[in-house]
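For reference, the structure is listed below as structure tokens.
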Amino acid sequence: MTTKIAPSILSADFSILKEEIQEVVEAGADYLHIDVMDGHYVPNITIGPLVIKSIRPVTSITFDVHLMIENADMYIKEFAEAGADIITVHYEASPHLHRTLHLIKQLGKKAGIVINPATPVEFIKPVLHHVDLILFMTVNPGFGGQEFIPEVLDKVKQAASWRQELGLSFEIEVDGGVNQATAKLCKEAGVDVLVAGSAIFNDENRMEAIEKIRNA
Ligand code: DX5
Ligand code: ZN
């Protein structure tokens, strides 16, 4: 199966966000990765449901909404109504994971769980059968343009082997520091979806940037 590419709009030019989105969609993106940060869980503030709602009519591409916020349960419904298709929550910020994942599914959305580079993959084993996607952070969340942390790939391999053993079908996604070189390592480890922000939006030729990562 070909690797899916999810451009992260964190590195887009927000003054022309509509055009930036259209460009990566036309360039062959599979998902649009949207980073939501609250200034508490991570040291940065980005976008909320309002922006998601306003870009929803621009495209029918799958919106992959990465919540880096505290009290996610309070806002999930709003993100679902704004147009999210996949909603991922951080293990580290979700004390009642079953409840949170159930809430996302009840709203008819795909539920994903995210873990930080230093969080053991064993911690999410109890909920594997409740998720549509696992997102492995390959940087500490908060900013684009950081360096890829290769140790995370061992966790990816473990998740891929559990998936096979347990007959599950969740997707495996990585986020942070993905470029042509690191994409190759990710694919070898069993990654299905590659998020890339700076590697795509800092390249004038978005189509070429996407293809370079996809075919790494
Ligand atoms: C970081 C975000 C990422 C970010 C990745 O906290 O979750 O999605 O945009 O940016 P790059 O690809 O530049 O590392
Ligand atoms: Zn992200």
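Including glycine, each Cβ sits where the backbone N, Cα and C put it.
These figures come from a predicted structure and were not determined experimentally.
Checking the candidates H66, H130 against TrEMBL: the one annotated together with H33, D35, D175 at the divalent metal cation site is H66.
H33 (divalent metal cation binding site) has its Cα within 10 Å of the Cα of these binding-site residues: S8, taken from S8, G142, G177, S198. Listed binding-site residues: H66, G142, D175. Those with a CB atom under 6 Å from ligand 2: H66, D175. Secondary structure at H33 (divalent metal cation binding site), taken from DSSP and collapsed to helix, strand or coil, is strand.
Counting only the Cα atoms, the space from G142 (substrate binding site) to D35 (divalent metal cation binding site) is about 9 angstrom.
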